[in-house]
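Structure first, commentary second.
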Amino acid sequence: MTKRLQARRLDGIDQNLWVEFGKLTKEYDVVNLGQGFPDFSPPDFATQAFQQATSGNFMLNQYTRAFGYPPLTNVLASFFGKLLGQEMDPLTNVLVTVGAYGALFTRFQALVDEGDEVIIMEPAFDCYEPMTMMAGGCPVFVTLKPSPAPKGKLGASNDWQLDPAELASKFTPRTKILVLNTPNNPLGKVFSRMELELVANLCQQHDVVCISDEVYQWLVYDGHQHVSIASLPGMWDRTLTIGSAGKSFSATGWKVGWVMGPDNIMKHLRTVHQNSIFHCPTQAQAAVAQCFEREQQHFGQPSSYFLQLPQAMELNRDHMIRSLQSVGLKLWISQGSYFLIADISDFKSKMPDLPGAEDEPYDRRFAKWMIKNMGLVGIPVSTFFSRPHQKDFDHYIRFCFVKDKATLQAMDERLRKWKELQP
């Protein structure tokens, strides 16, 4: 065809690191510590709930309410209403989506107009920018910057800090949305109450909606506490909070997510949802409903999966830190999420001429070198930064530690071989 095929909204967002790295992982014998998914089974109660949903009530094979299976929206409203200090209506304050990804896309499409500005704190989950652009918005970036670690000690993810003055300077009359992600992907940073209060005050001062991506809210470590910004004074009325069943119950393939917020905003999301996705798989929603009903009974007790999972993953994190240190990687201690990041600055000075395109960030070339030569997959952190800042942050690699023990043992074996090759 001679006519232009692709819509202009796709300009500049057609290149995707995940496609390229996914292909590389198939070509080489690797231990995949790159993508954020568990390679262990969900808890027994979750798999049993899914089995029951697929083999029990035959009507679960049919459509349910478009905006969410009623038992699921009921339990989400009850469970999170207590945490947020809100009386939530399951019909108007909760929308079930195809994963948290679907919730994000629906919100950008519902709220962002041509020329609207969206503040994104980077490093950021890499779909925020293209989703903003597809909706016609203009991404505006605020960069978290690391404080140097004390000599002889590891840095912590919470050492990556916002500059309050820089953040305040990004708000303009065109600012429509601020995107918050806590715990943060890729850093593992858990935003403190003081940081959230700063963000909340600015959102209220400038009449801005906060999109709060909290899919890792149960995965916090070392006694840190996740705080939902919607629970702060004055923020419920301007916050949309995103959650994920996949991250909550270690079942990322179920693709059930949700968004919660005030009806005057949610009604616009429902309009997008009913004219795009329309409906999410009933059986998966039924399984998630059972999982939350079970968790509601055990919440705060040792039998709670939301306590058991972070306890187990904290041990995984510590294992990975020790192992990666053995080959000279400098680690930042993750305080939340699936991930931690490693500083590869020393390798950049020792191995500056790795193969790759001239304008390709160093961490991307290093990650490919690891795949091809060491059989380890990590994700270059520069991909989570806006293009103008990628060269400034091209010396970090993200690793996922939410993996099975066998995977961590396979990682150890690759690292032993790596260490043997070092001079």
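Here the Cβ of each residue, glycine as well, is placed from N, Cα and C on the backbone.
Annotated substrate binding site per Swiss-Prot: GLY36, ASN185, ARG398, in sequence order. All protein chains included, ARG398 (substrate binding site) registers 27 other Cβ atoms within 10 Å of its own Cβ. According to DSSP, ARG398 (substrate binding site) is assigned to a strand segment.
Of all Cβ atoms in the shown protein chains, 13 besides its own fall within 10 Å of the Cβ of LYS82 (N6-succinyllysine). What Swiss-Prot records for LYS82 is N6-succinyllysine, and it gives similarity to another entry as the kind of evidence.
Under a cutoff of 8 A between CB atoms, and with a sequence separation of 6+ in the same chain, the neighbours of LYS247 (N6-(pyridoxal phosphate)lysine) are ALA100, VAL215, TYR216, TRP218, LEU219, TYR338. In this structure, LYS247 (N6-(pyridoxal phosphate)lysine) is part of a helix by DSSP. The N6-(pyridoxal phosphate)lysine annotation in Swiss-Prot covers LYS247.
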According to DSSP, collapsed to three classes, what secondary structure does LYS82 (N6-succinyllysine) have?
helix
Just to confirm: which same-chain residues, 6+ apart in sequence, have a Cβ under 8 Å from the Cβ of ASN185 (substrate binding site)?
GLY36, PHE125, TYR216, SER337, TYR338, PHE339, PHE384
Between ARG398 (substrate binding site) and LYS82 (N6-succinyllysine), how many Å separate their Cα atoms?
34
